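Visitor: Following this message is one structure expressed as structure tokens.
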């Protein structure tokens with residue numbers, strides 16, 4: 001028994017074909033949207049690639065870009081097919097193409113769904129990439145005179161100012177690394193030498209942060225050095241007073257920023273997927289209705305359209321039996337090749353050198 005069977009008159013078939021022609025052109029526009037979203041996300045990731053570790057972080061934008069291009073091609077072809085389906089004589093040339101087209105489009109819409117879900121599941125990969133990238137970038141903050149790293153100071157400062165953040169996990173990350181270059185340290189100063197000697201690795205560590213960590217909204221002038229020393233500042237208590245530097249870590253700030261983008265993109269892609277599924281369902285109805293018109297042989301008659309010719313269970317069994325028979329056919333062909341009597345038969349070599357010469361009879 002057919003699933004979701006609907007009767008179509010000639011007028012209904014004609015109107016459905018026209019509506020689907022318009023919807024396929026709208027689908028071409030959705031393909032452009034998918035491509036644009038993927039390109040936008042790729043550019044946003046590229047902007048901060050210096051503070052991200054290399055990984056599979058670009059897989060989502062690349063997938064959206066590819067799906068967008070394929071959507072434009074498939075829906076452009078679908079528009080042409082649906083336009084010709086308004087005429088029975090023109091439909092006959094697409095009769096054998098429509099079912100493979102529907103199957104390919106279904107697989108394509110599944111890729112759109114995967115892309116939408118991936119937008120919501122890439123948070124962990126993004127967080128790990130940001131953690132490793134920011135850790136290395138902060139470590140090389142002081143290397144302003146080393147090629148390949150000289151840009152990192154500017155990158156981190158602009159990042160901390162723009163996203164109102166400080167450090168990787170927080171401002172204390174700056175306490176654990178030497179972020180002041182040796183060229184700006186007075187090596188004749190006893191305080192500097194004592195601090196270098198006090199560290200096992202010989203690093204100049206201070207309880208201070210770069211200027212870009214300062215919060216301009218604070219009424220007090222920025223305290224960026226001796227943050228944990230209460231006696232170094234007047235009327236100051238490190239534990240009790242709210243510091244006038246950014247408290248949020250840059251990893252969390254960037255993670256929140258990209259998560260909001262990914263959720264918005266994921267929701268948009270999910271809506272596009274629902275739209276594509278609706279169009280594909282209507283195309284299936286049109287294909288089955290036009291196919292039955294050709295079987296009946298009367299272009300003016302009513303015809304049935306359906307999603308599945310048989311029930312879900314029967315369709316699943318039928319497809320499973322096809323796959324099973326294909327496997328058996330494979331095995332049979334292999335066995336027949338092994339038992340082929342014509343295989344590995346030695347043939348006589350009748351080259352010119354192996355042909356025996358005939359004796360010429362002598363006259364008696």
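Just so you know, glycine gets a Cβ as well, placed from its N, Cα and C.
Per TrEMBL, the features are:
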type	residues	note
TRANSMEM	20-40	transmembrane segment
TRANSMEM	60-78	transmembrane segment
TRANSMEM	98-120	transmembrane segment
TRANSMEM	265-286	transmembrane segment
REGION	344-364	region 'Disordered'
Visitor: Mind checking which residues reach the transmembrane segment (265-286)? Cβ under 8 Å, same chain, six or more beyond either end.
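Guide: Beyond its ends, the transmembrane segment (265-286) has Cβ neighbours at 6, 8, 13, 16-17, 19-20, 23-24, 26-27, 30, 33-34, 37, 41, 64, 71, 78, 81-82, 85, 98, 102, 105-106, 108-109, 112-113, 115-117, 119-120, 305-307.
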Visitor: Same chain, outside the transmembrane segment (60-78) by at least 6, Cβ under 8 Å from its Cβ: which residues?
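Guide: For the transmembrane segment (60-78), the sequence-distant neighbours (Cβ-Cβ under 8 Å, at least 6 residues beyond its ends) are 20, 24-25, 27-28, 30-39, 41-42, 45, 101, 104-105, 108, 111-112, 114-115, 118-119, 122, 262, 265, 269, 276, 279, 283.
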Visitor: Go through the chain and flag residues at least 6 beyond the ends of the transmembrane segment (20-40) whose CB is under 8 A from any CB in it; none is fine as an answer.
Guide: 60-72, 75-76, 78-79, 82-83, 85, 112, 115, 265, 268-269, 272, 275-276, 279, 282-283, 286
Visitor: Are there residues at least six beyond either end of the transmembrane segment (98-120) with Cβ under 8 Å to its Cβ atoms? List them, or say none.
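Guide: Residues 34, 59-60, 63-64, 67, 70-71, 74, 77-78, 81, 262-263, 265-267, 269-270, 272-273, 276-277, 280, 283-284, 287, 291.
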